[in-house]
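Enquirer: The following block contains the structure, expressed as structure tokens.
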Amino acid sequence: MLRWLTAGESHGPALVGIIEGVPAGVELTSSQIADALARRRLGYGRGARMKFEQDVVTVLGGVRHGITQGGPVAIQVGNTEWPKWEQIMAADPVAPEILADQARNAPLTRPRPGHADFTGMQKYGFDEARPVLERASARETATRVALGTVASQFLKQLGIELVSHTVSIASVSVPEGRPLPVPANVIALDADPLRCFDRETSDAMVAEVDAAHKEGETLGGVVEVLAYGLPPGLGSYVHWDRRLDSRLAAALMGIQAIKGVEVGDGFLTASRRGSAAHDEIVKDSDGRIIRTSNRAGGIEGGMSIGDVLRVRAAMKPIATVPRALKTIDVSTGEAAKAHHQRSDVCAVPAAGVVAEAMVALVLAEAVAEKFGGDSVAETARNIKGYLDNIPASLDSIGQ
């Protein structure tokens with residue numbers, strides 16, 4: 001069983017993540033995790049924090065000489081800004097007279113619409129939003145990307161690779177029918193300002209971000225994660241919570257600012273006739289069973305089908321709007337403008353990297369659940385044995 005947990009606050013000393021159930025033999029280094037975190041900071045339209053934020057990675061346990069040992073893997077992502085926040089975010093009590101001189105310690109009593117601020121204050125009984133936003137912040141996703149790197153490395157050694165890309169920013173979208181990126185395209189994707197695989201569309205996206213910046217606005221968009229090399233049969237149809245698409249949807253909806261998820265052609269299929277919505281099963285010229293298309297996105301009946309997995313997540317515009325939205329100052333009860341701090345105009349490219357990490361974690365869990373193995377070599381043998389024993393009459397090949 002693979003499970004994971006994160007802890008820490010946005011301006012605390014560090015974020016910490018633990019992932020358990022990773023087999024021995026996964027090749028993993030601090031630099032690989034750092035590279036993944038650097039990808040999370042990419043993207044045109046990011047705020048000032050990305051310019052000086054450096055993720056200091058420390059692997060605390062579970063790895064020796066670049067190889068996982070079979071125990072829980074613990075990763076710390078240090079906060080280089082901690083000295084500025086040491087007294088304000090200290091775990092132990094700090095004298096009131098010391099805090100009184102700290103401008104950063106001013107109570108945040110004007111909750112931001114679209115954030116967890118107001119409801120979090122209601123739920124936990126806080127009189128200001130600082131305790132809420134510190135944990136609710138998307139900064140926490142740095143830990144998920146770190147843990148997702150562990151999962152990705154595990155999957156990669158089994159021949160399963162992931163790639164994410166941006167398919168829309170606001171109303172600017174990649175035209176239907178354009179080629180999908182493959183793992184070999186990751187470097188080129190990361191070099192694109194918005195991690196878009198279509199150059200012409202990327203240029204239009206940049207213009208959209210520039211226009212929003214001038215108007216004091218923020219933008220959302222849609223990202224897509226693709227997984228190549230999956231065997232058929234991950235997930236199950238027997239219970240709702242074991243369905244692979246259900247688990248992927250939950251994981252992606254758990255990312256800050258994600259408001260919608262679709263697998264394959266998703267919502268588009270709702271407007272089609274049944275004969276144009278599904279993937280017919282035929283034999284190719286070599287007699288192998290194939291599907292004529294991949295509208296299902298690589299999942300049928302809650303199970304992977306051995307084709308490319310394709311899942312999308314829709315991100316709303318960032319709620320910290322420079323123009324500042326209307327709110328109520330809870331300390332006075334009067335109308336006010338919401339608290340504003342540095343923020344991004346568009347963080348959709350980063351959302352793609354986070355989504356990729358979450359998909360990796362779900363798939364790694366599904367692989368471990370289906371095939372087991374205390375070592376990567378054992379897992380690989382189990383997968384081979386499973387595939388070798390699929391009856392010839394049911395043998396298929398991905399699109």
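Glycine too: its Cβ is placed from the backbone N, Cα and C atoms.
So Swiss-Prot has the following annotated:
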type    : residues                                                               : note
BINDING : R40, R46                                                               : NADP(+) binding site
BINDING : R135, A136, S137, Q256, A257, G301, K316, P317, I318, A319, T320, R342 : FMN binding site
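Looking at the shown structure, can you explain where the listed features end up?
Expert: The DSSP secondary structure for R40 (NADP(+) binding site) is helix.
In the three-state DSSP assignment, the secondary structure recorded for A257 (FMN binding site) is coil.
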Enquirer: At the level of the C-alpha atoms, what whole-angstrom distance separates K316 (FMN binding site) and R46 (NADP(+) binding site)?
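Expert: R46 (NADP(+) binding site) has its Cα 15 Å from the Cα of K316 (FMN binding site).
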Enquirer: Cβ atoms within 10 Å, counted per site: which of S137, T320 has the most, among these binding-site residues?
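Expert: Answer returned by the neighbour count: T320.
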Enquirer: For a quick check of understanding: among the binding-site residues R40, R46, R135, K316, which residue's Cβ has the most other Cβ atoms within 10 Å?
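Expert: It comes out as R40.
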Enquirer: Cα-Cα, whole number of Å: I318 (FMN binding site) versus R46 (NADP(+) binding site)?
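Expert: Cα-Cα, rounded: 11 Å.
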